[in-house]
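Visitor: Pulled these from Swiss-Prot:
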DOMAIN    55-247  domain 'PIK helical'
REGION    69-104  region 'Disordered'
REGION    253-310  region 'Disordered'
COMPBIAS  283-302  compositional bias 'Polar residues'
DOMAIN    525-791  domain 'PI3K/PI4K catalytic'
REGION    531-537  region 'G-loop'
REGION    658-666  region 'Catalytic loop'
REGION    677-701  region 'Activation loop'
Amino acid sequence: MGDTMVEPVPAKLSDPTLVLRGNGGSPLCVITEGVGEAQMVIDPDVAEKACQDVLDKVKLIRGSSAESLDKIDGSDTGDGGSLANGDAGPRHSESCGPPVSASRITEEEESLIDINSVKSARRRQKNNSAKQSWLLRLFECKLFDVSMAISYLYNSKEPGVQAYIGNRLFCFRYEDVDFYLPQLLNMYIHMDEDVGDAIKPYVVHRCRQSINFSLQCAWLLGAYSSDMHISTQRHSRGTKLRKLILSDELKPAHKKREIPPLSLAPDTGLSPSKRTHQRSKSDATVSISLSSNLKRTSSNPKVENDDEPVRLAPEREFIKSLMAIGKRLATLPTKEQKTQRLISELSLLNHKLPARVWLPTAGFDHHVVRVPHTQAVVLNSKDKAPYLIYVEVLECENFETSLVPVRIPENRIRSTRSVENLPECGITHEQRASSFTTVPNYDNDDEAWSVDDIGELQVELPELHTNSCDNISQFSVDSITSQESKDPVFIAAGDIRRRLSEQLAHTPTTFRRDPEDPSAVALKEPWQEKVRRIREGSPYGHFPNWRLLSVIVKCGDDLRQELLAYQVLKQLQSIWESERVPLWIRPYKILVISADSGMIEPVVNAVSIHQVKKQSQLSLLDYFLQEHGSCTTEAFLTAQRNFVQSCAGYCLVCYLLQVKDRHNGNILLDAEGHIIHIDFGFILSSSPRNLGFETSAFKLTSEFVDVMGGLNGDMFNYYKMLMLQGLIAARKHMDRVVQIVEIMQQGSQLPCFHGSSTIRNLKERFHMNMTEEQLQVLVEQMVDGSMRSITTKLYDGFQYLTNGIM
């Protein structure tokens with residue numbers, strides 16, 4: 001308190017008083033001197049200040065701001081509650097009233113507190129109502145998307161807001177919500193009950209509608225609950241919901257399902273015994289019995305299936321079979337033994353197909369009819385045995401209700417062939433289409449061709465499938481056309497030479513078969529050629545709805561980090577597309593089955609840079625020249641641009657997510673020149689053996705720069721420009737990326753979340769406080785540092801010495 005001065009105040013002569021005033025001129029106290037005694041009287045201004053101090057403390061506790069306090073003080077004088085300033089009422093020293101006692105001041109303080117508390121509560125209620133009104137307008141506007149809904153569901157602490165968001169989920173498209181399914185289920189498992197109660201109705205509703213959604217929920221709930229302690233996990237909400245889903249209680253509202261009549265061709269004359277084929281146990285639960293088929297007549301076109309099938313059992317058994325194969329392969333010592341065992345296991349699996357099973361990674365409804373077992377390959381892995389399979393499916397309208405195709409048995413190939421042994425040569429298109437329900441007689445081994453031995457020949461002799469047969473057939477068509485044409489066609493010699501040279505440049509090279517790396521041959525073969533070849537050898541290939549899918553089965557690996565990386569890549573891809581930045585990345589689908597198993601969507605028409613260098617013994621630039629022609633051709637320039645756009649995109653991904661373990665076995669090169677990074681097992685806070693050896697922002701080798709045209713080339717400058725544009729676009733939408741990672745950190749024990757600074761470091765890598773000029777300098781520094789990084793070279797050398805990765 002500042003200095004004071006004594007100032008006389010008008011009073012009775014017999015009762016002089018002294019008033020102490022502070023620097024502001026306000027009275028501090030009044031001292032009355034009498035005969036033989038000194039009486040202390042509290043001035044109203046002092047009481048006002050004391051009340052104000054109490055109010056400040058109360059409001060501070062209740063979270064009121066100083067601004068609202070000032071507003072209340074200035075507006076409440078008319079109520080007789082408090083005195084805003086010294087001029088609001090007469091001072092006690094100037095009044096004729098008696099002295100104010102201390103007890104009365106205490107009552108006034110309490111009254112002031114009560115009155116102001118009520119007014120403050122009313123004002124807070126008005127403010128909250130205004131905020132809720134604006135929030136409701138936001139929730140109901142067209143710009144409110146799933147990303148914003150997930151953000152408010154995670155950050156809001158108001159049960160009413162959480163419940164509203166839970167209901168709002170029903171308004172979004174299924175595919176938009178499905179993208180955030182890991183976040184929703186992780187919040188359901190690890191956050192409070194209000195969030196779980198808001199999410200559960202939507203999940204239950206979707207599970208009643210879709211078997212595929214039910215299984216994905218069950219798998220994710222099991223995987224994300226595994227981080228909990230066993231005693232807690234057993235009684236957790238996630239475990240209870242998973243049991244509810246797998247108990248098959250969440251069935252559709254209708255109890256019985258009507259089955260459409262089975263159309264029979266009148267001229268087939270097949271007896272019931274001919275039409276009854278061996279089916280799997282899993283399909284037995286969903287297939288239609290022969291007797292029920294015979295009951296469908298013209299007078300009774302529809303017959304209800306009395307026994308409601310077990311909805312989830314067939315698909316679960318199918319997935320378990322694939323996972324069990326991978327576990328058994330891991331016990332074998334050599335790659336050749338693993339490959340032989342894989343082929344025999346898949347051959348046995350084919351005896352249970354077709355069935356009401358499907359690949360969850362596909363984007364359309366279908367039934368699996370066959371697995372060409374000789375085309376399966378074991379992928380490169382030091383300790384485990386991931387394998388790649390191709391799956392023949394028949395597309396259908398609804399895999400839950402559409403009829404399962406009948407089985408067409410495979411038969412052994414003959415060493416000699418004749419016209420008599422080709423029964424399908426005379427089958428018309430209509431007859432082939434009708435064979436969906438009427439199976440031709442394949443009892444005679446001489447009358448059928450098996451894809452098994454054909455596939456073995458193709459694996460042993462891959463050169464036979466990449467010869468010039470297509471060129472010969474095209475040449476024959478061109479010759480016939482030219483012979484039939486009577487008018488001469490003049491073509492410049494230069495155009496002919498250019499077309500021939502570019503055609504040769506587009507002709508893909510082949511890889512030789514390597515017993516230590518059998519996947520190289522399979523992955524190098526063009527996808528369309530593979531589809532054509534497998535379809536020609538398949539007994540189901542003549543169906544118009546035949547499709548070929550592929551999937552990688554992994555056992556012993558936790559794919560939850562892969563799923564997280566996939567979500568971030570998809571979000572970045574969407575951001576760059578919306579901001580019109582021509583960066584290219586290829587996110588591939590991840591299916592988490594459990595905490596140590598899952599499926600991965602393969603990238604077709606792509607091989608690893610390690611396989612390229614090992615098979616061709618060429619530098620990356622020389623391989624580009626071999627595959628796409630000289631550096632002046634249109635094919636090479638297109639491939640070079642694709643390389644630059646994809647390299648810039650993945651460099652930003654590797655920087656933002658801190659992707660490690662970037663050896664050449666984890667970087668693919670596709671037929672169009674793009675690079676694709678795979679294996680995101682080490683991201684954010686984790687690194688191989690937790691050594692943190694790779695210190696560069698991303699991998700940018702001198703070979704990559706050579707493909708771009710060198711340090712002084714236009715394409716290298718284009719690469720740096722794309723890096724800058726991509727980083728600027730990404731930081732504009734930082735929240736959309738960060739929330740994906742932040743929500744998954746809840747309750748997680750994944751290595752990528754070790755340490756308390758994971759999210760903070762991720763946000764810092766977006767450099768929100770930098771100008772665009774500063775970002776440009778940062779990009780230049782990161783590019784220069786990555787090119788000169790000694791740790792990148794040492795890590796590549798370490799991988800070559802330990803694992804033979806070039």
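For all residues, glycine too, the Cβ spot is worked out from N, Cα and C.
In the displayed structure, how are the listed features positioned relative to their neighbours?
Guide: In this model, the domain 'PIK helical' (55-247) carries an average pLDDT of 73.
Long-range neighbours of the region 'Catalytic loop' (658-666) within the same chain, counting only residues 6 or more positions beyond its ends whose Cβ lies under 8 Å from a Cβ of the stretch, are 380, 565, 608-610, 613, 677-688, 694, 698-699, 765, 792, 795-796, 799, 803, 805-806.
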Visitor: Could you put numbers on the helix, strand and coil content of the region 'Catalytic loop' (658-666), residue by residue per DSSP?
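Guide: For that range the per-state counts are 3 helix, 0 strand, 6 coil.
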Visitor: With helix taken as DSSP H, G or I, strand as E or B and everything else coil, how many residues of the region 'G-loop' (531-537) land in each class?
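Guide: Here the numbers are 6 helix, 0 strand, 1 coil.
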